[in-house]
Amino acid sequence: MKQIIVNLKTKKYDIVISQSENDFFTALAKAAKTNMFFVITDKNVEKLHLKYFTVLLKRKGFNVKTAVISAGEIGKNIKSLSFLYDKALEAGIDRKSCAIALGGGVIGDVAGFFAATYMRGINYIQVPTTLLAMTDSSVGGKTAVNIKGGKNIAGVFYQPDLVWINSAFLSTLTERHIKNGLAEIIKYAFTFDKKFYSYLSDTLENGTVPPKDFEYIIYQSCSYKARVVEKDEKEITGLRAVLNFGHTFAHALETATKYKKFLHGEAVAVGMLFAVKLSLKLRICKPETYKEVENLLQKADFTLSTKNNARQMLSLMKKDKKSIDGNIKFILIKDIGKAVSTYVKDNVVLNVLKNFTGENK
């Protein structure tokens, strides 16, 4: 078992990385003082893991209610929230109950938002089942849903009471979904740690890492994120914004393609390359740094090009949460392991966008 304690000003909670059910129940006894659990999942995870997980809880004598929403970004909306509120009320979920997010990043976001707002807030636990959720979205308390105009526009910061990461869940993922999680892992290397970059560069094989290394990269990724969240829980100082490297472009790309073409990590991979092109244009980084970023993303076998309209992408990026008064803030990198945040003028962004999307060819 590996354990990380996230120590915030208002609370602290454990990230438990273990395949042991006993380790989970030991942590659960400390985190949730209730007999009633409301397990929220999606239609894909329902088929794979819901029965196992509910039986696991019921064997310990817990009262378990469940709710299932649509899988993927199409289920990450206010309609799903409304469904969960009604379902919880019908099931007798009260303020002392505990919600459990069983699934990937979308489920973590929706279930967290539900927990933050149902009866003005109930406890919740993250049980991520994807590599992306295990290494990024389950930690840190960001919860949100999408609206028509953009991704993650409606949301709150609401910390979980426990994160249980069981890497055995990864055995049911496709290669594409493993790679989807690798993008966020690579992000930590680009923004925080050159040694981790070297490790990934040496370890990546055929677009993935050996399963024996999963727990190590999960632990490393969660450690990076936990330390940042402790220092800047709600993105007040700007330190936590570094975790959004590649995301300004990625969220615009996902919105432009109506969440149908790219998984989140795939969009982030393209977004990271765009951010480094922007860094190069502004002379924030050297050509060698750009090449290092490109090489690792290629080793992970990501598609790194897109043909979306440059002006549409610019318009969508101006709606990003980091933008102020229409000025787009980007996370850029000076070198591997060194990130900076800065506002970039529209004409510069548009010029790089046109080159990046092939409009200038």
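Every residue, even glycine, has its Cβ placed from backbone N, Cα and C.
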Q. Can you tell which of Glu175, Glu184, Glu205, Glu359 Swiss-Prot lists as binding Zn(2+) with His247, His264?
A. Glu184
Q. Expressed to the nearest Å, what is the distance separating Gly105 (NAD(+) binding site) and Glu184 (Zn(2+) binding site) at their Cα atoms?
A. 12
Q) For His264 (Zn(2+) binding site), which residues in the same chain are close in space, meaning a Cβ under 8 Å from its Cβ, but six or more apart along the sequence? A) Glu73, Gly105, Leu132, Asn180, Ala183, Ala250, Glu254
(Q) Cα-Cα, whole number of Å: Asp109 (NAD(+) binding site) versus Glu184 (Zn(2+) binding site)? (A) 16
Q) Counting Cβ atoms within 10 Å across all protein chains shown, which of the binding-site residues Ile107, Leu170 comes out on top? A) Ile107
